[in-house]
Every structure is written in structure tokens, then in C-alpha cells.
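Asker: Among the features that TrEMBL reports, transmembrane segment is placed at 27-50, 62-88, 94-122, 134-159, 198-227, 239-262, 274-296. For 43-294, the entry in TrEMBL reads domain 'G-protein coupled receptors family 1 profile'.
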Amino acid sequence: MALNSTAFSQPPSFLLTGIPGLEKEQFWIAFPFCIMYAIAVLGNITLLLLIKADTSLHQPMYLFLAMLAFTDLVLSTATLPKMLGIFWLCSREIGFLSCLAQLFFIHAFSTVESGVLMAMALDRYIAICYPLRYFSIFSVSVVVALGSLVLVRGVFLVVPVCLLLHRVPFCHHHVISHSYCEHMAVLKLACGDTRVNAIYGLFVAFIVAASDVTLICVSYTMILRVVMRLPSTEAQLKALNTCASHVCVILAFYVPAFFTFLTHRIGHSIPVHIHIMVANLYLLVPPMLNPIIYGVRTKKLRDKVV
């Protein structure tokens, strides 16, 4: 790698450190990561095959669940194979364009997952608050349109992130203190003025979080208002039970996501290895848990699996 000049527009490659401070332990950390990845792949592929094969599952809730399973497969597969290569084979090098590709898939499909969770919250809101109009509002064409809109939003918001990084000059520093290519981790290596990159990254995070989290909170507030007015406790519990799986999935996705986002910007006192571990689990635990949560708590899916 030619490092004689002070900066170059596109470095040939970067080096990923894995988990800074835990280089000796990460060989063993890789084993539970590998098990979780295997569960995520097996669980989400099973869900996709079940929903595709059984026409009785071609309903809005299960179609959204299929979108979530596909998104989880992309997210986990974009990170885990390379991560395991770093932990087990010391394969730390990643090409510049490969790094941008990984960054694109991680951020685009994280945005897509957030959008799918928002769509699922709207689905539960209509199902509980307007049950008689549910199938007329959430027809298959509407579900497909919503899914397409969420995918297009993720792609169009993240493509400029990659283009902006592509034009930024980089210094001699080419070591990324992370297990995968993440926007802020790569941006820290850049030379020159990166304010546009940082501002646009914050803009994307704010747009996605503000719109999706707000709609999710409003949906569940309306759901709780309707549920509390139901005449019997049994009816209330039954209505809440239909939302329990989705709430668990939302918490599993957004809690580590917000922790990772805030740690990059204001959590400088948090040890780096804790930050990186949470960032790794953020892209692994939800894909592993989602099929388990829905498979266990949804009777129809549980029966199909059996």
C-alpha cells in the first residue's frame, strides 16, 4: 500500500480490528456468534419457506413478517461471515469498495428493518382499532406497496452516504476500530472537511428514527386506549397478547441501536470493547430472536413448524 502522500482519495483497503481490547478473547467469542448466526439463518429461512408454501399465511401480518425475515438475513449475512473471518482466521483486510458495499447493506437494511417494524405497528393498530375494515385497508397490494416504499426509502437515504464517503480523501490511517465497516468508524479515518458527511448521517438517523419511532408510539398509544375500553379482562389480555411479540421485537432492535448511535457521539466514557460488542449484537441478536419470538408466540406459525 502506497503511503508516501499525505492523503489519497481511495485507499486500496482497510484493516478491521475486530473487538479492540479483546483481540485475544475474540477467537472464543466467535463461537457463540457463529451459533447465533446459524440460528438466525435457519429460523428466518424456515419462516420464509413456510409463508411462501402455505397460502393461508398470505395475510398482511405474515407478509410483513416475511419482509422482516428477509431483512434480517441480509443484515446478519452482511456482517457475520467477515466478522468470523477476522476472529478465527485473522482475515482483517477489506477492500475499499467492499467496505462501502458492506456499509451500504448494513445501513440500508437497518433502515428497512425500522420501516418494516413501523409498518407492522400500523398493521396491529388497524387490526385492533378497526377490525371490520382490516382486510379492506391492508390488502395484499397495499402491503406490497408499503414494503416497496420502505425498501426504496432505505436505498435512497443510504446511497448518498456511500457517494459522500467515496469522494472524501483518506489519510495514512487505514485501521478501522470495529468488526465491520460502519459509517462513523470509516469517517473518522478521513482527512479534510467531513461536516457534510456527518450532518447527512445525522439527518438520515433523525429522519428514520423520528418518523418510525413516532408512528410506532402513536400506534401503540391508540391501541392501549382501545384495549382499555374493552369490557372484559380476558378480551383486553387477548388483544394485548397479539401485540406482545411485536413489542419484544421492537425493543430488541431499537435499544441496542440507540445505544450504538449515542455512544458514537456522546458516550466517549464507555469502553470501546463494550461499544463494539453491543454494535455487533445489534446486527445479530434481532435476526436470531425474531423468528424464535414469532415462532413461539404465534400459534399458527408454531403449528406449521411442528
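Just so it is clear, glycine is given a Cβ too, placed from its N, Cα and C backbone atoms.
Any idea what these are sitting next to in the structure?
Answerer: Through the fold, the transmembrane segment (27-50) approaches residues 19, 57, 65-66, 69-70, 72-73, 76-77, 80, 83-84, 87-88, 280, 284-285, 287-288, 290-292, 294-295, 301, 304-305 of its own chain, all at least 6 residues removed from its boundaries and within a Cβ separation under 8 Å.
Residues 16, 18, 26-27, 29-30, 33-34, 37, 40-41, 43-45, 47-48, 51-52, 94, 102, 105-106, 109-110, 112-113, 116-117, 119-120, 123, 140, 143-144, 147, 150, 179-180, 249, 280, 283-284, 286-288, 290-291, 294, 301 of the same chain sit 6 or more residues outside the transmembrane segment (62-88) yet have a Cβ under 8 Å from a Cβ within it.
Sequence-distant neighbours of the transmembrane segment (134-159) (same chain, 6+ residues past either end, Cβ-Cβ under 8 Å): 58, 60, 63-64, 67, 104, 107-112, 115-116, 118-119, 123, 126-127, 204, 207-208.
Within the chain, the transmembrane segment (198-227) has long-range Cβ neighbours (under 8 A, six or more residues past its boundaries) at 107, 111, 114-115, 117-118, 121-122, 124-125, 128-129, 157-158, 160-161, 164, 183-184, 187, 236, 239-240, 243, 247, 250, 254, 258, 261.
Here the transmembrane segment (274-296) has Cβ contacts under 8 Å with residues 19-20, 22, 33, 36-37, 39-40, 43-44, 46-47, 65, 68-69, 72-73, 75-76, 78-80, 83, 106, 110, 113, 177-180, 182, 245, 248-249, 252-253, 256-257, 259-260, 263-264, 267, 302, 305 of the same chain, all six or more residues outside its ends.
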Asker: Mind checking which residues of the chain, 6+ beyond the ends of the transmembrane segment (94-122), have their Cβ under 8 Å from one of its Cβ atoms?
Answerer: 10-16, 61, 64-65, 67-68, 71-72, 74-75, 78-79, 82, 146-147, 149-151, 153-155, 157-159, 161-162, 165-166, 176, 180-183, 186, 204, 208-209, 211-212, 215-216, 219-220, 246, 249-250, 253-254, 257, 283, 286
Asker: Mean pLDDT over the domain 'G-protein coupled receptors family 1 profile' (43-294): what is the value?
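Answerer: When the pLDDT values over the domain 'G-protein coupled receptors family 1 profile' (43-294) are averaged, the result is 87.
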